[in-house]
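J.: Attaching a single structure in structure tokens format; questions to follow.
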Amino acid sequence: MANVVVVGTQWGDEGKGKIVDRYAEDAKVIARFQGGNNAGHTLVVKGEQTILHLIPSGILHNHKVCIIGNGVVVDPLVLIQEIESLKGRGLFPPDTRLFVSEKAHVIMPYHRQLDLARETRRSGVKIGTTGRGIGPAYEDKISRVGIRICDLLDETLFREKLALNVEEKNFTLTSLFGEPPVQEQEIFDEYQNYAEKIRSYAADTSLILEREMKLGKPILFEGAQGCHLDIEHGTYPFVTSSSTVAGNASCGTGIGPSSLNEVIGICKAYTTRVGEGPFLTELNDEIGDRLQRVGQEFGATTGRRRRCGWLDMVLVRHAVRVSGITGLAITKLDVLTGLKTLKLCVGYQSGNDLYPESVPPNPRILQQCQPVYEEMAGWTEDIRGARQMDDLPSNARRYLERLESLTGVPVILVSVGAGREETIVLKNPFSS
């Protein structure tokens, strides 16, 4: 059985939660490897919706091991609330185990305060932060002053590291941003309470993963957000603070890259984006409004309206390259039903320069680009009942075939509705 990485090919919100939930049936271990509670994965099982921000989507299945890896930044209050909510609704199976890496960094109150203060102070275009403290937490990690789960669980060490951080952060908050200082003792007391509630979940998750692999148990690595929010490969500076590409599944969980066998790229049948940043195929018209309305395009974390547009294959081809994607899972194909004509962006044009496979990193050049479109005929048939490719209208099949030809990667799954069962499965990546 293979180990499989699932990543987004766009700007997040591609429907990874549903696909991970589906693949979790075949995996024995499901591991998150980056991001924090700035991303939300929406699952619909038997008509009931569940939104998870930190806990892996596989938590709804029996007999699983769910891991929050060292590459994730953890807000302990959010983690506790998710655990208690799932247990209260009877959705945390007693035979499924949850572990949090001792090396995962902790989001502190001053991270959230700094996040919001910086965004407020920015002149001109905002980054579009969720205000959850993700960026500042990763900054502390890189600056080697961050507080990890293992530090939080050691009362003496936590007090020492907290004192150093509060002194520095209060200087920045008060002197640079004119914000009120945070209170060290209040934070200490609050987080010591959290520590006791999460202590039983803390573990060396790298060792757990190694043991499970040696037993031949298939592992699913769950990415958050999407390739073009990646700190290295995204539309910088309108990106997140972590690496969202498949290669980080290794670093963010503590297993070797040779253990990763398949990479599944999740691609929405059109394109959406939350917050600021370039979006060449954005539709500020009736079609864009229709995609937003029919697709229910509101952020699972922020509730913000998602910007909508035609499918941008430049983004997808770029994602295929940087993540080494071996199979595509197409989501929300049903949202396109009823559109007479569909457009695919197959390149960017700037003067005499054509960019068919990668996004220009220079924001000035990107701003000057125009999308190059191909047109395809749409369909009117309701496809939500389709369970195999032959059930789809011919034009829907042609649309999927064109995505394959443009990327050189096979479509292995098609989602035709929000429910777990509203899916066409063409290949099981765990059988590779």
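Just so it is clear, glycine is given a Cβ too, placed from its N, Cα and C backbone atoms.
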J.: If I go by Swiss-Prot, which of R89, R290, R293, R304 binds IMP at the same site as D13, E14, G15, K16, N38, A39, G40, H41, T130, R144, Q225, T240?
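T.: So the IMP site in Swiss-Prot includes D13, E14, G15, K16, N38, A39, G40, H41, T130, R144, Q225, T240 plus, from the candidates R89, R290, R293, R304, R304.
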J.: Between all pairs in D13, E14, G15, K16, N38, A39, G40, H41, T130, R144, Q225, T240, R304 (listed as IMP binders), what's the biggest Cα distance, rounded to the nearest Å?
T.: 34
J.: Just to verify a number: CA distance, G12 (GTP binding site) to R306 (substrate binding site), in angstrom, no decimals.
T.: 11
J.: Should L333 (GTP binding site) be counted as helix, strand, or coil on the basis of DSSP?
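T.: Looking at the DSSP assignment, L333 (GTP binding site) belongs to a helix.
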J.: Report the nearest neighbour of G15 (GTP binding site) in space among the binding-site residues T130, Q225, R304, comparing Cα positions.
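T.: Ranked by Cα distance from G15 (GTP binding site), first place goes to Q225.
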J.: Fill in the CA-CA distance, L333 (GTP binding site) to T130 (IMP binding site), as an integer in Å.
T.: 28
